[in-house]
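In what follows, a single structure is set out as structure tokens and then discussed.
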Amino acid sequence: MVETYSKNANHNMRRPVVKEEIIDLMRQRQKPVTGALKELENFAQMNNIPVIPHETVSYFRLLMETLQPERILEIGTAIGFSALLMAQYAPKAKITTIDRNPEMIELAKENFARFDERGQITLLEGDAVDILETLTENYDVVFMDSAKSKYIIFLPEVLKRLTVGGLVLIDDVFQGGDVARDIKEVRRGQRTIYKGLQHLFDATLDNPDLTASLLPLGDGLLMIRKKVANVHLPSEIVD
Ligand SMILES: C[S@@+](CC[C@H](N)C(=O)[O-])C[C@H]1O[C@@H](n2cnc3c(N)ncnc32)[C@H](O)[C@@H]1O
């Protein structure tokens, strides 16, 4: 029994940002996962663990096969589903993944021991706030899938560690559609996340040092390409 995620957690997962019938089509018609990934997907569904939904899985599969990145950083491992997916479709990649939740860390360790056949994945335990500044490698792809209000805080450090031409993928940026509303219409408990995501958009979408695109996959995926070595982020947003 997994205790971290209650039945009422992740309410944005039940607030689709595209039509339900399109989501159904994307989930039913796109090639399902099999083997270990199917087992983990079922486990996540049964225990309400928020792993990437099938439309994002399908996109990542294509992206990894096409890019074949050599180094990937993930913030937010959970049970290791997305890390193992990326490992499968980018078999030469070294993947570093970070999580701070002891229950998720235990499950991820078990899953990596069973299914990381090529030994591609390294799990770093702790808060990404502390771990990011200790990293010394550079990455071709960074996947951020953790606390949404912190994305803007992680971004400067992530961009420092990203190769020029590399991609940052940031999950769950639509907040079930709240990001398109006025802050007064957003539930008070959700406003810190709302502000963090608005700052993230302000810092990236129109930044001349980056090329960014918002994709309506799952609860929204922000893709950012780093165009220059030293990316300028507006100091009033990131400080
Ligand atoms: C949405 S789940 C990740 C799902 C996973 N990427 C997948 O699709 O298989 C988010 C995870 O991020 C972790 N997390 C949230 N904030 C974090 C932080 N500041 N540092 C490290 N891990 C964090 C949580 O413990 C949780 O396991």
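For all residues, glycine too, the Cβ spot is worked out from N, Cα and C.
Going by what TrEMBL states, the S-adenosyl-L-methionine site holds Ile52, Ser82, Asp99, Asp127, Ala128, and the candidate of Asp24, Asp140, Asp145 recorded there is Asp145. Taken residue by residue with DSSP, Ala128 (S-adenosyl-L-methionine binding site) is part of a helix. When secondary structure is read from DSSP and collapsed to three states, Ile52 (S-adenosyl-L-methionine binding site) falls in the coil class. Cβ environment of Ile52 (S-adenosyl-L-methionine binding site): Phe60, Phe81, Ser82, Leu85, Asp145, Asp171, Gly218 lie under 8 Å away, each six or more residues apart in the same chain. When secondary structure is read from DSSP and collapsed to three states, Asp145 (S-adenosyl-L-methionine binding site) falls in the coil class. Annotation note: Ser82 (S-adenosyl-L-methionine binding site) sits in a helical segment as assigned by DSSP.
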